[in-house]
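Let me begin by presenting the structure, written as structure tokens, before commenting on it.
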Amino acid sequence: MFQKRWVKFDGLSISYYNNEKEKYSKGIIPLSAISTVRVQGDNKFEVVTTQRTFVFRVEKEEERNDWISILLNALKSQSPSSQSQAAPAPEKCGYLELRGYKAKIFTVLSGNSVWLCKNEQDFKSGLGITIIPMNVANVKQVDRTVKQSFEIITPYRSFSFTAESEKEKQEWIEAVQQSIAETLSDYEVAEKIWFNESNRSCADCKAPDPDWASINLCVVICKKCAGQHRSLGPKDSKVRSLKMDASIWSNELIELFIVIGNKRANDFWAGNLQKDEELHMDSPVEKRKNFITQKYKEGRFRKTLLASLTKEELNKALCAAVVKPDVLETMALLFSGADVMCATGDPVYSTPYLLAKKAGQSLQMEFLYHNKFSDFPQHDIHSEGGLSQESSQSTFLCDFLYQAPSAASKLSSEKKLLEETNKKWCVLEGGFLSYYENDKSTTPNGTINISEIICLAVHKEDFYLNTGPIFTFEIYLPSERAFLFGAETSQAQRKWTEAIAKHFVPFVAENLTEADYDLIGQLYYKDCHALDQWRKGWFSMEKSSLRFCLQMQEVQEDRMHLRRLQELTISTVVQNGEKMDVLLLVEKGRTLYIHGHTKLDFTVWHTAIEKAAGTDGNALQDQQLSKNDVPIIVNSCIAFVTQYGLGCKYIYQKNGDPLHISELLESFKKDARSFKLRAGKHQLEDVTGVLKNFLSDIDDALLTKELYPYWISALDTQEDKERIKKYGAFIRTLPGVNRATLAAVIEHLYRVQKCSEINHMNAHNLALVFSSCLFQTKGQTSEEVNVIEDLINNYVEIFEVKEDQVKQMDIENSFITKWKDTQVSQAGDLLIEVYVERKEPDCSIIIRISPVMEAEELTNDILAIKNIIPTKGDIWATFEVIENEELERPLHYTENVLEQVLRWSSLAEPGSAYLVVKRFLTIDTIKHYNERRTLESIKEGVLKIKEEPSKILSGNKFQDRYFVLRDGYLFLYKDSKSSKYDKMFSLASMKFYLGVKKKMKPPTSWGLTAYSEKHHWHICCDSLQTQMEWMANVFIAQHENDIWPPAGKERKRSITKNPKIGGLPLIPIQHERSATLARRNIESARAELERLQLSEKRDQELGDSSIKERASMVAHCLEHKDEKLRTRTRKHRSFNCLEDTEAEVLPGPQKSHKGLKTLRKTEDRNGRAALDSDSKLPSRVIEELSVVLQRTRTFPKDSQGEQILPKEIN
């Protein structure tokens, strides 16, 4: 009985499939196993093998004849060796059960593939069912009733196997895992190079089996030495892996390494190395670094036979050597100082490489090619700046270029000058670029010292003149002079810019010159490692990446992905009395400040970075991205709908205004990072339209058109778990940005449908709307709707979301839908007034408090803002002041500030509470405490105490008790003579406040108040000194002497998000203690607060009536996470919140009035939203807020390092 199959012949084998979309075959017949092909009647033909005969039938006789003709021709053309070729020896083989097959399958792991065959004889004959390539596979154990099961998972299908024993299963898993690992490496190259026995040990430290190499020095090295070779820079040593960089290892390069070998290479490089100077495999890093630098960069140990030759003699000898087979001679000459690009005297074969090519010396050509940028000194001198004077002079270029006069004005005017300028004869020689009127002129029109260049810009777009296109580049000097040159071809442009960059970029940043950069040069920078002073660094722009080598970094190079920037702002600071523009870049918690040498080069960098950071194209990956690799436009729309649309009926089924949607899309495209959606200004239906239109119009569907048939075919799987597993496999094959965006969108839709009782948008209704968006199909089919509905309903299982995260989402939804006037901020920051030393208008600062800010960070920020330098021996702390200023408590430096502020909601008068930063302890107090620790008790004395509710004391009056502070406990005795205590309190379970409430009628003005979960104790002292002594000793004992960060620990300061007063940045970008700048900040702050207080006089009862307002601030915090926690990518993201941009003002003095205006608007709005003085939120909602806050701060240990999606298969 014939079955219809899709059959394919690729020249090597016949394979047949269920249909043309299938990736894995039902059978394979290799050409080498075929004996003959015969004709049968009824449009049939036979393929005869030694094992069996396969019969195929086609619809037409002509088609049958074509198949037979092609197969017979292929059989005739195959070589006898391929026919007799035996099957490769397998690493692992045996019979396994495979789900879907009745009989056991002979399974073979051979090389980088797993073969599935009906039996062992078929495998030996080359016949198989299908082949599973390991480069796209993953293997895992299966937790089923059958313990011997395991799965090989690929993007298109999962193969479930069952072994006969647990031991056999583990052997298969280990073998497949090893094969997958080996697909990432290429052992063949290593084995070939190790053919030369001297290459089996490191050329530098003699470590065995080295698997790295320097391809220009022709030495094989170990991993440890490879790291130090990289530090030399690619000009001196180009490091590549023998196993992973397979593409670079051509046959000629491998042969070169075999011919030379480590022994011959060391005969030159280590010809004068003494025994006691040798490097050993266990040598420390510093010694290894020094040895490799001396050996190769300085040439300290090399043979000196050629030392007497001049540069000219070396070059002449090199030209003679490259036409002969002896590569060792060429190596010795080149590494002794010969110029690889020296003039040969032949106008056609003008370089040694061309001479070698003419002579057919392939190994010489390979060696010279990998050393084309090498410059080894003739003597033991090497310039730290990069190039020696001699090598700098060795480069020579000359050609006609278009050239415009120098200018310090706008660059656009320079291009106009090109149309009026003739070609100039340009010469690059001796480190100078000179341009002449023509090639006959002897006096240059001008000369540029290459070493003075601070920036080189390469324009990739053609500029057209009447004579045709030209390819331009610009040179910028510290004197604010700019030069524009143009070449007639892109190759000429590249030749000139490479030669120029080679001279002014030092060797430590040589990697930057190897990329296809648009801009390269030197800038001043500050980063989070050192904000105290500006340093010089080397930067280059390559498409949307900013690559840089910083002075303080140990690594060779780093980069920022500009489309992923969270912040890109420009501001003006004053340094040495002069204004200076500074650019701030923040990416995933990393902060970088940069400024140029001149206004001109800064403008060039700023323009290029701003352009690269913007949207460039219609593909998903070309959008401006958030820190989670989700387009900002998607995050913004989701945040807006989450805040304002969860309770809106039929939200995604309503259509917005097409004109408004188009305008919003254009605004996001222009600059999504700075564009904010605003309630009142933007309509909900328009925002939902933006999200739907964006997903529908990107270049490829979010679910990708390539995977469309697989998404649909998954519906054929009836079992839910299997179908969900397929969805997960498809998702893992999506590009990274698609995966992250899909996770965000499906999470949002899952959140929306959980409120379907209110908004009537269940999973099916959402799928009806979004199926055509996510698949990019016109209209939709029931299959597409079912897939999207499946993804929404099974969001938790597909994305492996934990139960507590789902509960958190429910709490968030409940909070948002119940309190419609809740203000939610994407930044997650709360504006709060903090005082310095005392509560007076002149001492207040409005500062941003994030959900993860600790007391140490707040204290340091306030001191920096006020330009206060603590006196030696003083310790400052943040205090919370409550109960109408009757009680105050110092916060431990690790305490979360926002948690404490939110607890004020439970106070009788929350509006009276505030924070103040002031002196607390001294070094002398701590010293005295440490001396007392050696004694039996730390502090003891008679104090008066009153308890609420009364249990241990009779009556309701203050009574004398003898207190002893010891071993983390506070003991109460009836008197000093008592041997048994009446009560013992654990300090860890109590909060101590300075002061006693007046309504307690204390007998003195000084005392402490202690709170535990169920009791309050009011303690009175006889003097202020006694009160402070007890408070200091209790505080130190509570925290086991850990009262301030240990010495040497970096002080916490807000870096990525500056605290602000209104719209003014309060941590100067230039972190220098300038009294003038500090006074200006303070005066601005005071003026702004006075204006705010005049705009709306605060009612004394406002604090009492603002419980709801304070509680609603939690919503500002739901999205914001600690930078430490941000590095742990979560499977389930907390919902994005919308930023109320009415309170967001660009930094800088020029925006101060606008900042005052918008802050006043926010205050008015909050005032209108406040409850009456006796109104309070239900206790249940307060409990919910506490749960939410805990979720934002801590995660279980087992969630660390989790990712949004399971690990990629490939």
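Backbone N, Cα and C define each Cβ position, glycine as well.
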Which one of these stretches, 151-178, 403-430, 1075-1102, shows up in TrEMBL as coiled coil?
1075-1102
Restricting to CB pairs under 8 Å, which listed stretch, 1-76, 89-181, 618-799, 936-1039, is in contact most with the domain 'Ras-associating' (828-922)?
936-1039
Could you tell me how many residues in the domain 'Ras-associating' (828-922) are helical, how many are strand and how many are coil under DSSP?
27 helix, 37 strand, 31 coil
For the domain 'PH' (1-76), DSSP counts of helix, strand and coil?
19 helix, 31 strand, 26 coil
With DSSP, how much of the domain 'PH' (936-1039) is helix, how much strand and how much coil, in residues?
21 helix, 43 strand, 40 coil
